[in-house]
């Protein structure tokens with residue numbers, strides 16, 4: 001009853017004294033002004049960066065690259081004129097330097113006179129990186145340099161992106177034109193091949209003519225003349241083909257490491273397994289037809305176990321290889337083949353088990369031998385099926401161009417080199433032959449002597465062409481080189497895109513900061529109350545127990561604090577229109593936090609007097625720095641990181657943030673639990689120490705008040 005009497009007396013005093021009522025009302029509204037002004041001032045600072053002046057100086061002289069004039073600096077300036085993210089001002093170097101020093105500009109960005117020239121060195125043997133000169137005045141403002149630095153970085157990244165896009169565009173354009181040229185000259189390449197085959201087919205005829213040249217010189221001369229005409233055509237075609245071959249070789253030499261050839265090894269392994277399975281089937285056939293314990297049967301049995309063990313090992317290695325290839329891709333390309341191989345491996349293991357059983361029994365049953373032979377037959381048939389479907393299914397699943405491309409530059413270059421050398425030699429020999437026909441049998445004898453070498457070279461060249469056509473297709477190479485230049489260059493300029501997912505989206509910076517400023521305002525409001533309203537009551541000593549005074553006067557402070565909280569939280573929502581997902585909880589959490597803050601500050605002053613007021617301010621300062629309200633606590637010095645878990649602000653701000661962004665009740669319950677513990681500790685602290693400290697500290701306070709400086 002005494003506690004409520006104190007509270008009722010305080011309410012009566014306020015309601016019957018208009019001056020006191022005005023002061024109390026002012027105390028209710030003052031904290032809200034603190035929060036509202038700060039929230040509104042920081043509403044959207046990064047949305048108005050266009051007002052931050054930055055000087056841009058372009059001294060780039062440009063350069064001439066491959067006969068074309070370029071000026072990257074001018075292009076950057078034109079781009080910035082369309083960019084409104086910052087207040088770009090295009091001035092000369094002197095004005096920029098003076099402006100940054102005197103605070104007219106927050107920073108300056110200078111494009112040096114050799115900027116374009118250094119970019120052009122990328123095509124030389126000694127490429128040099130161009131440099132943008134960024135000057136910032138950091139004493140004007142703490143945040144502005146971070147924003148201007150972002151702008152400078154953006155310019156650098158934009159230049160780099162455009163450069164990569166342009167450079168890749170040129171490269172892919174060259175590849176595309178090379179593919180087009182190959183396509184255009186494909187008839188000539190085919191004609192070259194036809195000519196070489198024609199020469200190869202007519203070598204025997206030429207040899208017969210040489211052998212009978214003495215009897216039919218005129219006919220030999222005609223044949224040689226025909227060959228020379230054909231060789232001239234081949235030589236003309238070869239010149240163009242060699243040029244294309246050189247370009248093709250350059251391309252594949254630079255990309256050789258990306259072309260792997262796994263398919264032949266896989267096929268060879270399958271053929272080996274097929275043959276091994278067939279051998280094992282023969283062994284089981286021998287066992288089935290010869291059931292006694294003869295030496296031949298034992299030898300066949302041992303041979304079958306050995307071959308079957310090797311087959312299982314080969315199947316295991318191939319399955320592991322295909323699994324590794326599957327792991328590299330997004331889809332299991334060889335799932336069916338692995339399933340088939342696992343099935344064949346199971347059959348092989350079952351067959352091996354049967355053979356070992358037969359070996360241990362000595363004289364096995366006919367039924368076991370029949371089953372063993374059937375398993376061997378099925379195993380052989382299954383592997384034969386895999387080999388038969390290799391070309392139509394398995395080989396296609398390997399990167400055909402990648403598998404073939406590794407040998408393309410080597411074969412093509414060797415082919416055209418040998419062809420050029422061979423055709424030169426053939427041409428010379430035929431010239432000699434023509435001269436030989438003209439001058440008689442003496443020269444014909446020389447031609448006859450050299451002709452076997454010519455015949456061998458042409459035959460080798462024709463064979464090389466046929467081998468090339470077995471493994472390569474010139475049309476596949478053309479398809480690889482031809483591409484969409486724009487799409488390819490765009491991809492390599494920005495190969496990775498970032499997809500942002502906002503988990504708890506808050507539309508503006510002011511709303512995001514409202515939990516901090518609202519919490520801060522509630523502590524400031526509590527501090528104002530303990531500074532202006534006495535925690536002790538006037539009356540006869542001994543009328544009330546210290547705990548009665550402590551709790552009774554606290555109800556008065558609590559009432560005012562709750563009004564402060566209601567005004568500031570409702571004003572955040574209704575006046576400032578701050579973004580709050582859970583508005584009722586925002587107000588309720590504010591009321592709870594205000595009550596806790598009021599209890600803490602009230603208890604400090606109630607127990608320690610004026611010293612308690614100082615402690616409340618010290619706590620305020622520590623909490624502003626260490627609660628992580630503005631910057632993440634992880635970026636603060638270790639002292640504040642260690643202090644962070646013990647500050648009421650830490651959990652109060654977190655609780656208000658939950659209401660603003662959307663409540664995760666696991667987090668909210670944790671914060672409420674910690675604040676409840678702090679409340680209980682404070683209440684126990686106040687009830688236990690209020691009486692003793694008032695009893696023994698009264699003299700000290702009385703003497704302090706007599707100074708008329710401390711109340």
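For all residues, glycine too, the Cβ spot is worked out from N, Cα and C.
Just so you know, TrEMBL annotations never went through curation; they're auto-generated.
Predicted, not measured: the structure shown is a model, and the values here were computed from it.
Quick look at what TrEMBL annotates:
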- 203-230: coiled coil (COILED)
- 24-158: domain 'ABC-2 type transporter transmembrane' (DOMAIN)
- 542-658: domain 'ABC-2 type transporter transmembrane' (DOMAIN)
- 18-37: transmembrane segment (TRANSMEM)
- 509-534: transmembrane segment (TRANSMEM)
- 554-576: transmembrane segment (TRANSMEM)
- 585-608: transmembrane segment (TRANSMEM)
- 614-631: transmembrane segment (TRANSMEM)
- 672-693: transmembrane segment (TRANSMEM)
Listed stretches 18-37, 509-534, 585-608, 614-631, 672-693 vs the transmembrane segment (554-576), most Cβ pairs under 8 Å: range 585-608
Query: Is it true that the transmembrane segment (585-608) and the transmembrane segment (18-37) have 3 or more Cβ pairs under 8 Å, skipping pairs fewer than 6 apart in sequence?
result: no
Within the same chain, the residues 6 or more beyond the ends of the transmembrane segment (18-37) and with Cβ under 8 Å of it are 514, 517-518, 520-522, 524-525, 528-529, 532-533, 560, 563-564, 567-568, 571-572, 575-576
DSSP composition of the domain 'ABC-2 type transporter transmembrane' (542-658), residue counts helix/strand/coil, works out to 95 helix, 0 strand, 22 coil
DSSP tally for the domain 'ABC-2 type transporter transmembrane' (24-158), helix/strand/coil in that order, comes to 69 helix, 25 strand, 41 coil
